[in-house]
Amino acid sequence: MFFVDVLWKLVPLYLFGSETKSLSATESILQIVPEAMAATSSNVLCNASESDLCRDDSAAFLLKFVAIASILLAGAAGVTIPLIGRNRRFLQTDGNLFVTAKAFAAGVILATGFVHMLAGGTEALKNPCLPDFPWSKFPFPGFFAMIAALITLFVDFMGTQYYERKQEREASESVEPFGREQSPGIVVPMIGEGTNDGKVFGEEDSGGIHIVGIHAHAAHHRHSHPPGHDSCEGHSKIDIGHAHAHGHGHGHGHGHVHGGLDAVNGARHIVVSQVLELGIVSHSIIIGLSLGVSQSPCTIRPLIAALSFHQFFEGFALGGCISQAQFRNKSATIMACFFALTTPIGIGIGTAVASSFNSHSVGALVTEGILDSLSAGILVYMALVDLIAADFLSTKMRCNFRLQIVSYVMLFLGAGLMSSLAIWA
């Protein structure tokens, strides 16, 4: 085939001459032969399956079982620790230990998106086996990542709106029976003014209620604390999670409510956990397939260590979000199992199709490149917006200098360690 390519290019050259009219026969041959050799080798590479000096099908098959067990245990442990630890004092979601561990996990997810997924998508969509048009004419990896981030923003926004309205409807329905029994001079909790644990508006831990002369239109005059009041001194009061009502003796009082923040935060945590799981699952399937179709033990061994590390801390971040969302035990268990099983299932599917799979085919490269790029956009958005910004810009972080230092160190450490794994996997 190589000689046919050379003759195919030489015959028109001698019949019609070269473009420069100055190339000799020897120069023409020296120019065409390397081009034909490069084209031939490229075609062989793109049409062939994996060819590696380290290829060993039987050893690779055994290593895939080790990978399934290791990654399954790592993912299950990572996602389970926050769910079990929410009933333990040292691992509660509002504790400093959890915040610093979550910062490390956020760094791992951020590095996964930038260094691993986006780089993998770029490598696949810039592969020489793909046709020049359109893949070499436009930066598709960054474009797909941007589209995924914008779609995630839209889903994040719409999901938050949906759950907030749902909680408002439930709150209004729960207080409606009480509204018929109250006198006109007493205000009942309006939408967004409920408190945690089913407490009535103004109820203290002792069980007493101190609603004093609050008119029905007080809901229209609710006060949010000015910036000066949102200080570290009042932070402990907000963390208590109880609402406080302050009445004025002249019967025209105004209520100060912090309970509405809990409903908003609850909706945010629900959406964050669901969108984060969607992003993690989408790239976990690709990772599992990539490992499953490989027949090289030299490739699989470092992937086992890298993916186990990656799955553990990704699972920890996801488990923390699920814990903060306060899902029911059944829903939390389903989400945790879905995360833990995704990559092993991908490895199993990849192993089943490994004999007939060509990783250099156009379809495989385009699919891998697009999904990797989309996953990168989702992970980068979730890491920066819903994990890092949500914690690092919070009052809890701002009011604790030591927590700031430790969290930043853990964030950079997680990102650095996950990035360094790109050397081997």
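Backbone N, Cα and C atoms are what each Cβ position is placed from, and that goes for glycine too.
Taken from Swiss-Prot, the feature topological domain 'Cytoplasmic' applies to 86-97 (among others), supported by sequence analysis. For the topological domain 'Cytoplasmic' (86-97), residue counts in helix, strand and coil come to 5 helix, 0 strand, 7 coil, using DSSP.
Here the topological domain 'Lumenal' (119-137) has Cβ contacts under 8 Å with residues 42, 45-46, 144-145, 360-362, 365-366, 368-373, 376, 422 of the same chain, all six or more residues outside its ends. Per Swiss-Prot, the feature topological domain 'Lumenal' maps to 119-137 (among others).
Annotation source Swiss-Prot lists topological domain 'Cytoplasmic' at 159-269 (among others), citing sequence analysis.
Sequence-distant contacts of the topological domain 'Lumenal' (291-301) (same chain, six or more residues past either end, CB-CB distance under 8 Å): 50, 52, 54-57, 59-60, 63-64, 67, 307, 346-354, 357, 359. Per Swiss-Prot, topological domain 'Lumenal' is recorded for 291-301 (among others), and the stated evidence type is sequence analysis.
Annotation source Swiss-Prot lists topological domain 'Cytoplasmic' at 323-333 (among others), citing sequence analysis. Residues in the topological domain 'Cytoplasmic' (323-333) partition by DSSP class (helix H, G, I; strand E, B; coil) as 8 helix, 0 strand, 3 coil.
Across the topological domain 'Lumenal' (355-369), the DSSP tally of helix, strand and coil residues reads 8 helix, 0 strand, 7 coil. Under the heading topological domain 'Lumenal', Swiss-Prot lists 355-369 (among others).
Summarising the annotation, Swiss-Prot assigns topological domain 'Cytoplasmic' to 391-404 (among others).
As annotated by Swiss-Prot, transmembrane segment applies to 65-85 (among others), with the evidence given as sequence analysis.
According to Swiss-Prot, the feature transmembrane segment maps to 98-118 (among others), an assignment based on sequence analysis. For the transmembrane segment (98-118), the list of distant contacts is 82, 85, 91-92, 141-142, 145, 283, 309-310, 313-314, 316-317, 320, 372-373, 375-380, 382-384, 387-388, 391-392, 396-397, 403, 406-408, 410-419, 421-422: same-chain residues at least six beyond its ends, Cβ to Cβ under 8 Å.
What Swiss-Prot lists as transmembrane segment is 138-158 (among others), and the listing cites sequence analysis.
Taken from Swiss-Prot, the feature transmembrane segment applies to 270-290 (among others).
Feature annotation from Swiss-Prot assigns transmembrane segment to 302-322 (among others); the stated evidence is sequence analysis.
Counting only same-chain residues 6+ beyond the ends of the transmembrane segment (334-354), those with a CB under 8 A from a CB of the stretch are 61, 64, 67-68, 71-72, 75-76, 79-80, 83, 273, 277, 280-281, 284-295, 307, 311, 315, 318-319, 322, 327. Taken from Swiss-Prot, the feature transmembrane segment covers 334-354 (among others).
Long-range neighbours of the transmembrane segment (370-390) within the same chain, counting only residues 6 or more positions beyond its ends whose Cβ lies under 8 Å from a Cβ of the stretch, are 102-103, 105-107, 109-110, 112-114, 117-118, 120-122, 124-125, 140-149, 152-153, 156, 268, 272, 275-276, 278-280, 282-283, 285-286, 317, 321, 411. Look at Swiss-Prot and you will find 370-390 (among others) tagged as transmembrane segment, backed by sequence analysis.
According to Swiss-Prot, the transmembrane segment annotation covers 405-425 (among others), on the basis of sequence analysis.
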Is it true that the transmembrane segment (302-322) and the transmembrane segment (405-425) have 3 or more CB pairs under 8 Å, sequence gap of 6 or more? yes
As a test of reading the model: what is the averaged pLDDT for the topological domain 'Lumenal' (119-137)? 93
Residues of the topological domain 'Lumenal' (119-137) by DSSP state, where helix covers H, G and I: 11 helix, 0 strand, 8 coil
Give the nonlocal contacts of the topological domain 'Cytoplasmic' (86-97) in its own chain as ranges (CB under 8 Å, at least six residues past its ends). 239, 320, 323-324, 396, 400, 403, 406
